[in-house]
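Trainee: Below: one structure in structure tokens.
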Ligand SMILES: Cc1cc2nc3c(=O)[nH]c(=O)nc-3n(C[C@H](O)[C@H](O)[C@H](O)COP(=O)(O)O)c2cc1C
């Protein structure tokens with residue numbers, strides 16, 4: 001059966017696949033190596049059981065919460081995903097408008113095809129974080145931090161799981177390139193704007209893998225997080241922690257938050273699903289910093305489960321790209337509203353009304 005009108009996020013994926021070019025679909029959809037972790041991110045949620053409570057007066061459900069002190073409409077937001085104009089002509093601007101209208105937080109990628117200043121036009125006070133890749137040339141990172149602070153972003157999410165790019169086989173086969181009419185819009189220097197070889201050059205690998213090997217600093221270490229804190233007026237969140245040991249180091253380095261993430265299964269294949277790694281990180285930080293999660297969120301009950309396990313909020317990656325491909329801004333709104341409706345219904349049926357009563361949501 002061909003689905004044309006989606007009723008859940010799972011329906012949107014084949015619709016997006018039909019719309020997108022092979023180069024874009026494979027870049028968005030794929031994970032590293034055998035994609036074991038990519039699949040586990042979703043499957044691990046399906047193994048967790050909810051413990052419902054009945055007769056709890058669920059006539060008023062409240063999903064509002066706060067992240068790093070900013071009030072937000074929901075405990076979910078948009079994860080940073082690069083190059084959104086491959087999915088839709090308005091790319092990150094469409095995503096930002098959808099998020100602003102529903103008061104959902106959004107993290108903009110360093111590798112956006114809209115500059116961080118342009119993305120911020122006309123979307124009011126809604127909560128935006130900037131995702132930072134630290135380049136070998138530290139002046140680049142420093143300048144991005146200053147610009148993000150000046151443009152009103154509320155936090156920096158520093159990605160710590162990408163010293164080199166994971167081996168994404170589809171991108172290697174396709175010799176992935178950013179289409180020539182698009183640019184990584186946060187950079188003025190030509191060598192940092194293009195991904196993949198120019199029209200007269202040959203290319204053997206994924207253009208992004210080559211780009212990362214040339215530009216991103218693989219020597220980044222915990223002491224650099226301390227350095228970043230000294231140059232950043234914004235709170236620093238590390239994105240890509242999966243273990244208690246690293247969570248403790250993050251707290252020692254003075255971060256304000258941790259995103260438990262395996263980059264949507266795109267970096268090291270074989271690591272835990274994020275929802276499985278969440279509990280050890282929560283236990284290790286012991287309430288000292290806020291803990292977030294991304295990876296495999298495809299329905300409201302996934303959000304419910306992550307919150308029940310102690311995440312302050314979650315972020316959603318690929319479904320936003322499917323929404324963008326489907327109908328641009330309206331498509332992203334559709335994804336966000338679907339997650340919101342499903343989360344509210346899940347809370348209602350589980351007998352949980354809102355923030356502040358997170359205990360014993362799940363059976364083990
Ligand atoms: C197409 C794509 C591009 C991504 N680009 C970035 C990026 O630029 N920076 C980053 O920190 N993470 C990036 N990620 C990882 C996401 O932020 C997030 O960790 C992941 O998508 C969550 O998993 P999900 O897609 O299952 O929701 C990307 C993920 C995808 C799928």
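Every residue number used here counts from 1 along the chain in the order it is shown.
Backbone N, Cα and C define each Cβ position, glycine as well.
Note that the structure is a prediction, hence the values are computed from the model and not measured.
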Trainee: Which of these, 167, 168, 298, 299, does TrEMBL say binds glyoxylate at the same site as 27, 133, 263, 266?
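Mentor: That glyoxylate site, as TrEMBL gives it, pairs 27, 133, 263, 266 with 168.
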Trainee: Please report how many Å separate the Cα atom of residue 168 (glyoxylate binding site) from that of residue 82 (FMN binding site), as a whole number.
Mentor: 15
Trainee: Ligand 1: which of the binding-site residues 80, 168, 294 have a Cβ closer than 6 angstroms to it?
Mentor: 80, 294
Trainee: Just the number: how many Å between the Cα atoms of residue 80 (FMN binding site) and residue 263 (glyoxylate binding site)?
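Mentor: So the alpha carbons of residue 80 (FMN binding site) and residue 263 (glyoxylate binding site) sit roughly 10 Å from each other.
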Trainee: How many Å separate the two farthest-apart Cα atoms among the glyoxylate-binding residues 27, 133, 168, 263, 266?
Mentor: 19
Trainee: Just to confirm: which same-chain residues, 6+ apart in sequence, have a Cβ under 8 Å from the Cβ of residue 296 (FMN binding site)?
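Mentor: In sequence order, the residues whose Cβ lies under 8 Å from that of residue 296 (FMN binding site) (at least 6 apart) are 40, 41, 42, 43, 44, 45, 273, 274, 275, 302.
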Trainee: Out of 27, 263, 266, point to the one nearest residue 131 (FMN binding site) in space (Cα versus Cα); all of them are binding-site residues in the record.
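Mentor: Comparing Cα positions, the closest of these binding-site residues turns out to be 263.
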Trainee: In angstrom units, rounded to an integer, how far apart are the Cα atoms of residue 82 (FMN binding site) and residue 133 (glyoxylate binding site)?
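Mentor: About 11 Å separates the two Cα atoms.
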